[in-house]
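Features of the protein shown, as given by TrEMBL:
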| type | residues | note |
| --- | --- | --- |
| REGION | 105-126 | region 'Disordered' |
| TRANSMEM | 209-231 | transmembrane segment |
| TRANSMEM | 294-314 | transmembrane segment |
| TRANSMEM | 385-407 | transmembrane segment |
| TRANSMEM | 427-450 | transmembrane segment |
| TRANSMEM | 462-485 | transmembrane segment |
| DOMAIN | 496-602 | domain 'TMC' |
| TRANSMEM | 505-530 | transmembrane segment |
| TRANSMEM | 607-629 | transmembrane segment |
| TRANSMEM | 679-699 | transmembrane segment |
Amino acid sequence: SGEPPQPLTPLPASPAGRSRGAIISQYYNRTARLRCRSSRPPLQQLCRTARPSLRQYDLETDPTRATLEDKRRLLVKELLSLLPSQRRHLLLAVPLSLAEKQLNRQELSRQKGPQRQHSQHRAPSSPCRGFMDHIALVSPGRGSAQCRGSGAGSGLGALPGLSPQGCRGLWYRLLSLLPAAQPWHYALKEIGGRFGSSVLSYFLFLKSLLMFNMLSFLILLVFVVALQAAYPPASASPQPFSGLELLTGAGYFTHSLLYYGYYSNVTLNDPCASCPGGSTCALTAPRLPYNMPLAYIFSIGVSLLVTCVLLVYSMSRSFGESYRVGSSAGDLAIRAFCAWDFKVIQRRSVKLQCENICTQLKELLAEQRSRACSRSLRQCLGHGAVLLLAWVLSLGTVLGCTLALSYLSEHLHTRTWGSGRWQQEAILLVLPLVVSLLNTLMPHLYNLLAMWEQQDSPVAQLYVAICRNLILKMVVLGLLCYQWLSRRVVCSTAECWETCVGQDLYRFVVMDFIFALLDTLFGELLWRLILEKRLKRKQKPEFDTARNVLELIYGQTLTWLGVLFAPLLPAVQVLKLLLLFHIKKASLMRNCQCPSKPWQASHMRTVFITLLCFPFFMGAAVFLSYTIWSVRPSETCGPFQGLETIYKSVKTWVQVLEKSNPNIAWFTWVHQHLVENPFLLFFVSGVLLAVVYFNIQVVRGQRRIIRLLKEQITNEGEDKTFLIEKLHSVYEQRER
């Protein structure tokens, strides 16, 4: 106690009572333990830094009795074996004074020179390390040093030229690039930052539809289309390609893999079909014959089942993400003080994040403002009368469109037209042209009705627009399905009605895409030029989320309806969605402005997925199920020709399977009592609805618990205020 204190004892940057020797010793011991550890924890258990924080260790005692200079040399030696990013991070984290850190850096710089000269005579570094250095990263690498102890010669470290340190760091950095590798990652962030969550919900929904169609296309391609292309049937010579087939789907495409009529009803890779006698069939028969009718119906069923499961999963997941369990009362403070990401360093990303936070604040303020406004009784009655009249007009227009389409379809079906090729091709496009024209013009009429209604909340305005467009499209699709099932369809060939329906659906999909492009051109680009050049207004049109989303749902429903009659229709839909994304994004950035009434679309993705699942997907599933179980297929074409129904092929296969192997009689029982029994369909539907219902109830229960906890916190705060007031009164009485 009588000795004078050391000149380096006080540490301005460290807590009181902790010496530099203890800190350096603890850092050295921990570094050595980490480097000599044989096994590392899983990636999901690692923290943001490769080394634990200094606060996790007890630095009050010094386990070693070495001098301060020896400990500093050991620390410098350990720092030299680390990566430059790890070295900088550790030097910044050490709670030493600036003078001590400067001495350590000088010591490091002095020892770097001999180490470089020594490393030139060593073996070349790991190929993973060399490749890792060329990867552009957002955050610095956080790999750990290679162990030099007993574990240095085990595993990959024993292989020449392959370092586990470099490969591990490469793996961590590749994992950090996974979010950026998602399709349209930066484009979606840019759209959300500039236009808000309402416009972003359209592009997220388009991305989900693209994933569904790609999955269906891959299933049909692998199990149906590719195998039929490998064993093409003997068909008539195809017509010459003229280019008009891209619009009509007829001509050259009639006898191709695109439609139902091209696929054969035989077992592929089976020579028994060509053998007149059965003597050589058993000797030359392959081990894996492929039944095309079964593959056709099972592939379509599996693709629809997988789509249904993904839809239900997306819907249940979106309930937890969009319907937030808490209220938005404190979101303004969270967005203002906690929303900034300090890892963003690029100027473009910083600007994008600023726009995103500003848009979110506008949405929250607009939502609170819409809740605060109220109307008088007279205003409510007048507004209700306007809403009633607007709904009567909208439903009247739907009825008029339905009658017009029914008359046009009957007229096209019964009247005889000329025999010229161009005239026949033009007749094929009349009904899709009229339907797409109505689907494009009627939403603009509904927008005029919405302007007349003057809804205060943009959310309510969007819901009303969705309901009106939904009713129109459901009625139109129901009328078309009735005509297709009754076989009243204008077709280029009379021998295969399934191919005729597939061609009709192809024309509807193509015409819907063409009118989407025309609406983008005239409704956004041309209108912007008129506003800027002629009217001299600094205003641009707004992006109509409801109409565009309903157009996506309409096109996707056409694809599901046509997957039985045109197996390659999901591929056409994938190409259409890819083009739509880039065209809509370019038009949005150049021709549209931010919503005049910002609002938070936190529930929109759930609403879109729900509308896609229940009215449209379930309707398409009912249509296809009725076609498979009840409608008689064509007699001269397709994989099910000559059968009473499409489902009859499955029953025939089950009977043949039972006769060939009596040991699997249980499979026949399962097919008879489960598959053919309609109770299974109702049971599965009930389970899906129960899953959705339970998710909703869980979210509601969480909200109720959070509300009770907030009330409890409020009561505790009031109790503390009451106690403080009582204490003040007691102190005042004592002072008196």
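Along the chain as shown, residues are numbered 1 onward.
Here the Cβ of each residue, glycine as well, is placed from N, Cα and C on the backbone.
Annotations in TrEMBL come from automatic prediction, not curation.
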At a threshold of under 8 Å on Cβ distances, which of 209-231, 294-314, 385-407, 427-450 pairs most often with the transmembrane segment (505-530)? 427-450
Who are the chain neighbours of the transmembrane segment (607-629) in space, where the CB to CB distance is under 8 Å and they lie at least 6 residues beyond its ends? 201, 205, 208-209, 297, 300, 304, 307-308, 311-312, 314-315, 318, 463, 466, 470, 474, 477-478, 481, 485, 549, 553, 556-557, 560-561, 563-564, 645-647
Model confidence over the domain 'TMC' (496-602), as mean pLDDT, sits at 89
Under an 8 Å Cβ to Cβ limit, what residues of the same chain, 6 or more beyond the ends of the transmembrane segment (385-407), are close to it? 431, 434-435, 438, 442, 445-446, 449-450, 452-454, 468, 471-472, 475-476, 479
Positions whose Cβ lies under 8 angstroms from the transmembrane segment (294-314), at least six residues beyond its ends: 208, 211-212, 215-216, 219-220, 223-224, 227, 263, 560, 563-564, 567, 609, 612-613, 617, 621, 624, 628, 639-640, 646-647, 649-650, 653, 688, 691-692
Lying 6 or more residues past either end of the transmembrane segment (427-450) yet within Cβ distance under 8 Å of it, the residues of that chain are 247-248, 250, 390, 393-394, 397, 401, 404-405, 408-409, 412, 417, 461, 464-465, 468-469, 472-473, 476, 480, 490-492, 503-504, 507-508, 510-512, 514-515, 518-519, 523, 544, 546-547, 550-551, 554
Against which stretches of its own chain does the transmembrane segment (209-231) lie, if we need a Cβ under 8 Å and a gap of at least six residues from its ends? 183, 257, 262-264, 268-269, 290, 292, 295-296, 298-300, 302-304, 306-307, 310-311, 552, 556, 559, 563, 567-568, 570-571, 573-574, 577-578, 581, 612
